[in-house]
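I grabbed these lines from TrEMBL:
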ACT_SITE  Glu272  active site, charge relay system
ACT_SITE  Asp276  active site, charge relay system
ACT_SITE  Ser475  active site, charge relay system
BINDING   Asp517, Val518, Gly541, Asp543  Ca(2+) binding site
DOMAIN    199-563  domain 'Peptidase S53'
SIGNAL    1-21  signal peptide
Amino acid sequence: MGLQACLLGLFALILSGKCSYSPEPDQRRTLPPGWVSLGRADPEEELSLTFALRQQNLERLSELVQAVSDPNSPQYGKYLTLENVADLVRPSPLTLHTVQKWLLAAGAQKCHSVITQDFLTCWLSIRQAELLLPGAEFHHYVGGPTETHVVRSPHPYQLPQALAPHVDFVGGLHRFPPTSSLRQRPEPQVTGTVGLHLGVTPSVIRKRYNLTSQDVGSGTSNNSQACAQFLEQYFHDSDLAQFMRLFGGNFAHQASVTRVVGQQGRGRAGIEASLDVQYLMSAGANISTWVYSSPGRHEGQEPFLQWLILLSNESALPHVHTVSYGDEEDSLSSAYIQRVNTELMKAAARGLTLLFASGDSGAGCWSVSGRHQFRPTFPASSPYVTTVGGTSFQEPFLITNEIVDYISGGGFSNVFPRPSYQEEAVAKFLSSSPHLPPSTYFNASGRAYPDVAALSDGYWVVSNRVPIPWVSGTSASTPVFGGLLSLINEHRILSGRPPLGFLNPRLYQQHGAGLFDVTHGCHASCLDEEVEGQGFCSGPGWDPVTGWGTPNFPALLKTLLNP
């Protein structure tokens, strides 16, 4: 059947399922551990689905990201507005007309677009959705530490072939909410306490990274920062206030969040949500802070996707965003991962600094055709974000040099090729590292991460009014690094310069200037006879465990202040 016939028969195709294709044949649909099915959803129940419409001019967008992010470019710092981005990527009139006509014929109601017009979120009954997407069969599921309820399809969906040039994927069918990898480690044993610290607090971070009491926001600029949470977890204002009373006495700070985007539940506070807010606001002290809290949460929605959609619908956003979300690359469809990468590229074009945690599984491990390989995570592996790894103190109770935290995520993407900005650094690592794993374990030509690191071991957090020690994970290092970049943005804004934007091209050009190089330690990987649980090891310069290293604030400020 030809394309014209497909277009003429869209409504008939909804019912017949002929002339169709699967946009996400490679999306993993197995039930994550800890989730159970509660059975089929009621046909009259309503759910919301998100349609990712095909964008235009993505090569041009990529060129513009390079131009505004490269200090050697005359376009450096001349970021695009959301409206500029919309003019560039907006789907074609044919795409918009074809998709709207198809949805209207199916009875989709209450469809909402965004400024960039490349997402449509619609409400349908389960009956309508299953007719619209042949093969889909919606069930209720419950799982995760907070007993989250979602509606998902365990079977692949089809779309009419006529939509292949117009729709990237449909969100809200397969992907389950992420779970936290944050952990509380046992307290190290120590004898005597003279001159020792008893866990990482804001004062420990400020001492290690050479911040003075003057290194805080001025309160007079339009500078702002944000963290995003997708775990159905919430922070409590009372926990933040108590945290600042306990640990924020020696620097100026704000004791409340400026804006919450999304739903702040009334349940118990989550440790990860508490950690993100408390350490972003104590590292980036006295700077206006937003929290994206499971934005747009509904049983049919994917919280991370909803966050990306919000970015495409807000003209004025915080300059720095820290995110602790990640999935294994292999668990995501190619259509989804490429489209999310484009959304991250859109953010980079607008001068947003996006920091993602590198993950807490070291190099990771999975079996492919009976052979072990390392397992990269996304969006940590996106070439358009700055990825943050983790370190520990060499002496656990002394503010000393840092070594690798063995959980620090890192490695090489199996999806994205190595970007040009890191070509020299990665090639040097691969040619000089004395402890390189066998080449069959990783894709040496892929985007390598992390880019930087910070302490990730032994944090104090206040959650549900209780101080909790020894919380560890790159979910801790990411807001710390983000807060310090916000302080640098403060200096840039007050001196009439644009915010830092997408940091990586500059970071790699400057060869890690302003960072403490972490040269000792290896992270975890496959427990087999060949690598024996050891992944990559750190060394001089950049490495795929701690990137270029951890922040030395005065030197980093000097390095990043001009131009």
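All residue numbers here begin at 1 and follow the chain in the order shown.
Every residue, even glycine, has its Cβ placed from backbone N, Cα and C.
Automatic, uncurated: that is what TrEMBL annotation is.
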Determine the minimum-neighbour residue: among Glu272, Asp276, Asp517, Asp543, listed as recorded positions, which Cβ has the fewest other Cβ atoms within 10 angstroms?
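If we count Cβ atoms within 10 Å for the recorded positions Glu272, Asp276, Asp517, Asp543, the smallest count is at Asp517.
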I want the residues beyond Asp517, Val518, Gly541, Asp543 whose C-beta is within 8 angstroms of the mean position of the Ca(2+) site's C-beta atoms, in chain order.
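Near the Ca(2+) site, beyond Asp517, Val518, Gly541, Asp543, sit Gly512, Thr519, Ser538, Gly539, Pro540, Trp542, Thr546, Gly547, Trp548, Gly549.
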Minimum Cβ neighbour count within 10 Å among the recorded positions Ser475, Gly541: which residue?
Gly541
Restricting to the recorded positions Glu272, Asp276, Asp517, Val518, Gly541, Asp543, which ones have a CA within 10 Å of the CA of Ser475 (active site, charge relay system)?
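Those close enough are Glu272, Asp276.
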Would you count the other C-beta atoms found within 10 angstroms of the C-beta of Val518 (Ca(2+) binding site) for me?
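For Val518 (Ca(2+) binding site), the 10 Å Cβ neighbour count is 28.
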Could you tell me the C-alpha distance between Val518 (Ca(2+) binding site) and Asp276 (active site, charge relay system) in angstrom, no decimals?
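A Cα-Cα distance of 24 Å.
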Fill in the CA-CA distance, Glu272 (active site, charge relay system) to Asp543 (Ca(2+) binding site), as an integer in Å.
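A Cα-Cα distance of 27 Å.
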Round to a whole number and give the Cα-to-Cα distance in Å for the pair Asp276 (active site, charge relay system) and Gly541 (Ca(2+) binding site).
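If we compare the Cα positions of Asp276 (active site, charge relay system) and Gly541 (Ca(2+) binding site), the gap is 28 Å.
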Return the average pLDDT for the domain 'Peptidase S53' (199-563) as a whole number.
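Summarising the domain 'Peptidase S53' (199-563) by its mean pLDDT gives 94.
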